[in-house]
Amino acid sequence: MSNTQAERSIIGMIDMFHKYTRRDDKIEKPSLLTMMKENFPNFLSACDKKGTNYLADVFEKKDKNEDKKIDFSEFLSLLGDIATDYHKQSHGAAPCSGGSQ
């Protein structure tokens, strides 16, 4: 049986996470910045927050245990914020109109 679209989406998120992790299965700050720029350029552009300071703030907000790395659950929290923004846009909200960002 082949995977459903939802299953493929989740597998894709896991693959994206692993592309930027190290042996400890966590993303360090430089890799997170690269991941955001490579995978979410339209999101960053729409928010008009392309600068490193914005991305650094996102890292600090998502690094809940303050280990200077992003684990998988922290990564999912970041993706959730991005998905929430796109969902709001689907209902007519302007990009980056609020939320955890």
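Every residue number used here counts from 1 along the chain in the order it is shown.
Yeah, the Cβs are placed from backbone N, Cα and C, and that goes for glycine too.
His91 (Zn(2+) binding site) carries neither a helix nor a strand DSSP state and counts as coil. Sequence annotations record features per position, and here Swiss-Prot assigns Zn(2+) binding site to His18, Asp25, His87, His91.
Glu74 (Ca(2+) binding site) falls within a helix when secondary structure is assigned with DSSP. Taking Cβ-Cβ distances under 8 Å and a sequence gap of 6 or more within the same chain, the neighbours of Glu74 (Ca(2+) binding site) are Lys62, Asp63, Lys64, Asn65. Annotation comment: Swiss-Prot describes Asp63, Asn65, Asp67, Lys69, Glu74 as Ca(2+) binding site, evidence class sequence analysis.
Annotated disulfide bond per Swiss-Prot: Cys47-Cys96, in sequence order. Around the Cβ of Cys96 (disulfide bond), a 10 Å sphere holds 16 further Cβ atoms from the protein chains shown.
When the domain 'EF-hand 1' (13-48) is classified with DSSP, helix, strand and coil residues number 24 helix, 2 strand, 10 coil. The domain 'EF-hand 1' feature in Swiss-Prot is assigned to 13-48.
Beyond the domain 'EF-hand 2' (50-85), the same-chain residues lying 6 or more positions past its ends with a Cβ under 8 Å from any Cβ of the stretch are 13, 17, 24-29, 32-33, 36-37, 40, 43-44, 95-97, 99-101. What Swiss-Prot records for 50-85 is domain 'EF-hand 2', and it gives sequence analysis as the kind of evidence.
Swiss-Prot lists Ser2 with the feature N-acetylserine. Here the Cβ of Ser2 (N-acetylserine) has 5 other Cβ atoms within 10 Å, regardless of which shown protein chain they belong to.
Per Cα geometry, Lys69 is the residue among the recorded positions Ser2, Asp67, Lys69, Cys96 nearest to Asp25 (Zn(2+) binding site). Highest Cβ count within 10 Å among the binding-site residues Lys69, His87, His91: Lys69. Ranking the recorded positions Ser2, His18, Cys47, His91, Cys96 by Cα distance from Asp67 (Ca(2+) binding site) puts His18 first. Looking only at the recorded positions Ser2, His18, Cys47, His91, Cys96, the one with its C-alpha closest to Lys69 (Ca(2+) binding site) is His18. When the binding-site residues His18, His87, His91 are ranked by how far their Cα is from the Cα of Cys47 (disulfide bond), His87 comes first.
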